[in-house]
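Pulled from Swiss-Prot:
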type: BINDING; residues: Ala184, Glu185, Thr186, Gly187, Ser188, Gly189, Lys190, Thr191; note: ATP binding site
type: COMPBIAS; residues: 35-45; note: compositional bias 'Basic residues'
type: COMPBIAS; residues: 84-98; note: compositional bias 'Polar residues'
type: COMPBIAS; residues: 110-125; note: compositional bias 'Basic and acidic residues'
type: COMPBIAS; residues: 455-471; note: compositional bias 'Basic and acidic residues'
type: COMPBIAS; residues: 697-709; note: compositional bias 'Basic and acidic residues'
type: DOMAIN; residues: 171-372; note: domain 'Helicase ATP-binding'
type: DOMAIN; residues: 398-620; note: domain 'Helicase C-terminal'
type: REGION; residues: 28-98; note: region 'Disordered'
type: REGION; residues: 110-130; note: region 'Disordered'
type: REGION; residues: 455-483; note: region 'Disordered'
type: REGION; residues: 697-745; note: region 'Disordered'
type: MOTIF; residues: 138-167; note: motif 'Q motif'
type: MOTIF; residues: 308-311; note: motif 'DEAD box'
Amino acid sequence: MADDSLLLNFSLGDNNIIQPETKLKGGTWRDRLSAKKIAKHHAKGPRTAGDEDSAPRAPRNPNRIEVPSSRPTKRQRTDGGDSGKQQSHGHPHSNQPRQFISSLFTKNPEPQKAEEVKEEGHVENAKPTNAPLIDGLDTFTNLGLSPNLAAHLLTKLELKAPTAIQKASISQLLKEEGDAFIQAETGSGKTLAYLLPLVQRIMALSKPGAQTDATGQPIVHRDSGLFAIVLAPTRELCKQISVVLENLLRCAHWIVAGTVIGGEKKKSEKARLRKGLNILVATPGRLADHLDNTQALDVSNVRWLVLDEGDRLMELGFEEEIQGIVKKLDARQRPSRIPGIPARRTTILCSATLKMSVQKLGEISLKDAVHIKADPEDEDEKARRSKAEESAYRVPAQLKQSYAVVAAKLRLVTLTAFFKRTFMRKGSVMKAIIFVSCADSVDFHFEVFTRKQVKEDGGEPSDTDKSEEKPPSSPHGTIAPATAFSNPSNPVTLFRLHGSLPQNVRTSTLGAFAKNKEASVLICTDVASRGLDLPNVDLVVEYDPAFSAEDHLHRIGRTARVGRDGRALIFLQPGCEENYVEVLKRGYRDGGKALTRADANEILKRGFGGNVESGNKDWETKATDWQCEVERWALENPEYLEMARRAFQSHIRAYATHIAAERSMFNIKELHLGHLAKAFALRDRPSKINVPGLRQGKEETKKDFKAERNSAAGKKRKAGGADLADDIPSANNTATAAQKMRAKMKEHMAGANEFNLA
């Protein structure tokens, strides 16, 4: 052809040169497509300088794919105009772990249900439903108790009149010898309701006079045998029953009581059993063990068996143990030579609720039992109700209960602000209990509230401040001053309690909290929610909602006991948890009119010193500073950071264990894990905390797969082309390495410019 040797030389501008398309490798086709679009976007011409609205935005690149820059144009710029402003579109710090510090007061979900916020002072005081009777005729003597025991109750225990359930049960159990089921609300005195008839009957067996031996001593003494057994679900409840029983038996010193519970040495328990006991308080597991392995335990004379907290006994899985205990007591029962002792055994079942599990326990242990309630006049009305309504729990009428809808990020600061306000004035509240869901959360919050505080000026506490904040002696680390919400005029002591602590530590901590005369707070799990009668508890805070409505009843039942006033507050999160308010209302006789709502912002304002009436936002700054200080404290101490992560993980696992009927209100899929992590002073992404039991999302699974694939491909390339890596010299620091890399790139670019046309 004639035109084969034709050469054309066109003069084109820099902007008209068609640059070769950059080929992207690695990743999925979706990622390559998005990276290709990003490259085309940057290949467009620059925007006008005066167009502020068209300022380029940072491209969204969640997978952080490095987009290679385009090849240089025909000639390099030598004027140095805007070359220094060009920045790499990659992420230079992508290999370093990123921490995100989110604001406390932004992007928080709003409550779905807007209700009127009532002040607690506007709530009418209700008549106590579990208080002692004020009628002068209803005394312990009129119920059938001996004058000696009634006088002991009046003078030593300062009990002037019985409660409604005590009046109904004492008269019934002293009059008849049949089985009984005692049902009453929490804090109404059920322990004395069955202990007083028990002690009265054993005292009648040993009454001086005709029933004495040759020396004039009562026939019944510690060697006479075991007459009564009291079973309780927890060790703490057994200890409390034992203390009440010992106080009662001070008027009958010849009757001996003892305990056998888990966590103590069996050798010492066997020694006590060999010496002889008349009344035994035990946990089901340890009693079943002694019945099988201890020959000194003689149960042939046992005529009274009490099952306290029957619903909890079934929830903890003691059905088989109790069934075995009842069978062994029936098989080993023998006629007694002691005059006046009943021919058959009397079984008493106590429970605040009447659930199917309690009914099943009654079928195992009770025979023709009488149902004892505090309000017998309402029996006909209750009989017409359905079974679900029969088993509904009731809250003491004098208990002032409220709830606060708090966003996940604000939970920790709101709890701190609430107790700052609570203990601002000395004497307003003496004792309070905080219930959380798991033991790891107890340990973390205990360390947060007892850590060394940083002054507002940023300095460390002085020696005088340290001397004023000396904690009480606690060799086990369960007692410390609550520096987070103490003040110079009202120091507060913090106690911690959970089931993972050794038994001796749990007993000593609980005893120290009960005996403390100053302001104190107990942070604990549900191990302290059942049956414990802790004196002067004015406030109960459910920081984590209970796993069932019955557990909620027992939690708030630690206050407002035996006619005393009490307050309770529960924390709920916006969303599906707000439906739990209807469950709370069902526990009231008036349909929940006494249930009030507390505003979370008002709690923060009052706690962090802001003026509620004005629009000043100083309280937000103080709350944010306090939260950031806790987060820095956790980051600076690896031990506490690991403790926070464990608490977060355990909290998520515990959140998924709500009962099936309430799981729609506590849906783990609707939890914002990132916001919730901030309540544990964590700045890590939840995906990096590795929460066991949670499935990874699609994006996280895809990232993990690509990371493994890229690492494997990198190893292959490194094995096959190790000599290429030697072209880039190594450096000791990042700055030197970057400088040498730029020099290497200039060499490659200089070689490419030699082949430019024109």
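Quick reminder: no glycine exception, Cβ is built from N, Cα and C everywhere.
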Greatest C-beta neighbour count within 10 angstroms, which of the binding-site residues Gly187, Gly189: Gly187
Positions on the same chain near the motif 'Q motif' (138-167), where near means CB under 8 A and six or more residues out: 129-132, 174-175, 182, 184, 188-190, 192-193, 196, 199-200, 203-204, 247-248, 250-252, 372-375, 562-563
Secondary structure content, the motif 'DEAD box' (308-311) (per DSSP, counts of residues): 2 helix, 0 strand, 2 coil
Lowest local Cβ density among Thr186, Ser188, Thr191, which the record lists as binding-site residues, within 10 Å: Thr191
DSSP state at Ser188 (ATP binding site), helix/strand/coil: coil
Packing count at Glu185 (ATP binding site) (other Cβ atoms within 10 Å of its Cβ): 21
Cβ neighbours within the same chain of Lys190 (ATP binding site) - under 8 Å, at least six residues apart: Ile165, Ile182, Ala184, Asp308, Cys350, Ala352
Secondary structure content of the motif 'Q motif' (138-167), with strand meaning DSSP E or B: 13 helix, 0 strand, 17 coil
Segment confidence, the domain 'Helicase ATP-binding' (171-372), expressed as mean pLDDT: 89
